[in-house]
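To start, the structure under review is shown below, and the notes come after it.
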Amino acid sequence: MQYHDAMALINRLDSRDPGFKTALSQLLAFEAEQDESIDQAAAGILADVRRRGDAALLEYTQRFDRLAVDDATALEIPQADWHAALDSLPAAQRQALEAAAARVRAYHERQRGETWTYTEADGTMLGQQITALDRVGLYVPGGKAAYPSSVLMNAIPAKVAGVPELIMVTPTPDGVRNPIVLAAAAIAGVDRAFAIGGAQAVGALAYGTATVPAVDKIVGPGNAYVAAAKRRVFGTVGIDMIAGPSEILVICDGKTPADWIAMDLFSQAEHDELAQSILLCPDAAFLAEVEAAIERLLPGMPRADILRVSLANRGALILVRDLEEACAIANDIAPEHLEISTEQPQRWTALIRHAGAIFMGRYSSEALGDYCAGPNHVLPTSRTARFSSPLGVYDFQKRSSLIQVSREGAQTLGRIAAELALGEGLQAHAASAQYRLDQP
């Protein structure tokens with residue numbers, strides 16, 4: 001078995017090998033390094049923004065983004081500018097954004113929770129009321145790696161949920177705004193946008209300043225400082241998740257073109273050097289074909305340097321006994337993205353319990369899910385799909401319990417509650433229930 005062989009393009013594992021479980025665990029091991037200096041820097045910035053508000057925001061924006069303005073109100077990007085950005089997009093790009101947005105909206109509209117109630121025989125009504133969050137902050141990274149798809153995936157579910165005010169923050173280094181991000185904000189229904197970024201933007205959204213209103217939840221990806229700041233403000237506000245590196249796991253029966261599978265592995269490996277791309281297949285000859293395809297296609301990729309490191313350190317081609325075993329291994333890995341590139345993918349999907357998104361069949365490339373299929377691309381990473389879910393409408397809605405007890409119901413429930421309260425030594429609880437009992 002090759003594992004972290006300095007010469008290997010990608011690791012080769014075999015599930016029959018006695019050391020397989022250990023090798024797989026090593027391959028999967030990813031500890032998000034909590035860099036103490038980053039955490040301390042974020043904490044200092046948050047405290048400063050909380051204390052000094054707009055003044056701190058202006059200073060940090062000048063220091064980190066080289067953007068100097070006299071007044072914090074100048075950091076707001078007017079809606080007219082977003083619409084101008086939208087109008088200036090090439091027609092094909094605008095059409096692609098609008099088509100993706102329509103699909104994302106159609107999918108998320110099916111997730112909307114509804115208030116429900118039921119009434120018991122004695123007239124007592126119980127239920128659950130669904131309400132949207134009042135105000136949400138959306139962080140969008142700036143600079144070269146601007147992802148308009150991220151705007152659509154975070155903003156549209158919030159608006160479908162009924163969030164009345166959605167505030168986008170995005171850094172504009174040297175004052176340069178990304179027109180496609182602003183265009184996406186216009187399409188997705190964002191309400192306000194500010195040219196701020198980093199831990200200072202997270203602080204402004206969490207605590208509020210004279211210019212930037214405080215929000216109830218902060219969503220969206222960011223760099224290590226943004227992640228550290230989101231971790232620290234959690235509890236004051238809600239957050240979506242702290243995302244780890246991208247992951248793809250492909251289960252293939254050996255009948256999909258090898259080049260397709262190689263490129264699917266590349267699609268995640270190109271994100272960064274810590275991204276993880278793994279193929280599970282029971283056909284050794286096909287694994288060799290995919291390895292040959294990787295070797296052939298890699299030199300032509302613009303991000304070949306990142307791909308090489310990612311595939312050599314965290315990628316793997318794994319020979320399994322059969323597709324049942326592949327599904328069992330997939331459940332253990334709990335991947336962010338899972339492709340089931342087989343005949344009758346439904347059969348194997350039924351065996352999957354833990355995955356962020358499941359791409360079924362040979363034509364369902366993971367890239368389609370990233371951009372325009374409709375389901376959300378904000379997915380649990382680092383094995384957290386064992387207990388968490390994709391971002392969705394439900395992340396922007398809350399549930400309140402409804403309890404309307406009838407006079408008759410109070411007689412039955414009052415006696416039960418009083419008995420339990422006295423058992424816990426809570427006399428006022430008991431009395432509160434007993435006062436409502438009809439006197440004999």
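For all residues, glycine too, the Cβ spot is worked out from N, Cα and C.
According to Swiss-Prot, the feature NAD(+) binding site maps to Tyr139, Gln200, Asn223, an assignment based on sequence analysis. Secondary structure from DSSP puts Tyr139 (NAD(+) binding site) in a beta strand. A simple way to gauge crowding: the CB of Tyr139 (NAD(+) binding site) has 27 other CB atoms within 10 angstroms, across all the protein chains here.
Here Swiss-Prot flags Ser246, Gln268, His271, His337, Asp370, Glu424, His429 as substrate binding site. Other C-beta atoms found within 10 angstroms of the C-beta of Ser246 (substrate binding site) number 22, with every protein chain shown included. Taken residue by residue with DSSP, Ser246 (substrate binding site) is part of neither helix nor strand, so it is coil.
According to Swiss-Prot, the feature Zn(2+) binding site maps to Gln268, His271, Asp370, His429, an assignment based on sequence analysis. According to its DSSP assignment, His429 (substrate binding site) is helical. There are 15 other CB atoms within 10 A of the CB of His429 (substrate binding site), with all protein chains counted.
For Glu336 (active site, proton acceptor), applying a Cβ distance below 8 Å and a minimum sequence separation of six or more within one chain yields Ser246, Glu247, Ile248, Ala355, Gly356, Ala357, Leu379, Pro380, Thr381, Ala385. According to Swiss-Prot, the feature active site, proton acceptor maps to Glu336 (among others), an assignment based on sequence analysis.
For His337 (substrate binding site), the same-chain residues 6+ apart in sequence whose C-beta sits under 8 angstroms from its C-beta are Ser246, Glu247, Ile248, Leu249, Gln268, Ala355, Gly356, Ala357, Phe359, Glu366, Gly369, Leu379. His337 (substrate binding site) carries a strand DSSP state (E or B). Sequence annotations record features per position, and here Swiss-Prot assigns active site, proton acceptor to His337 (among others).
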(message) Around the NAD(+) site formed by Tyr139, Gln200, Asn223, list the extra residues of the same chain whose Cβ is within 8 Å of the site's Cβ centroid.
(response) Pro141, Val169, Pro171, Gly197, Gly198, Ala199, Ala201, Val202, Gly222, Tyr225, Val226, Ala229
(message) How many Å separate the two farthest-apart Cα atoms among the substrate-binding residues Ser246, Gln268, His271, His337, Asp370, Glu424, His429?
(response) 56
(request) Pop the Cα-Cα gap between Glu424 (substrate binding site) and Tyr139 (NAD(+) binding site) into the table, whole Å please. (result) 46
(request) Would you mind pulling the DSSP three-state label for Asp370 (substrate binding site)? (result) helix
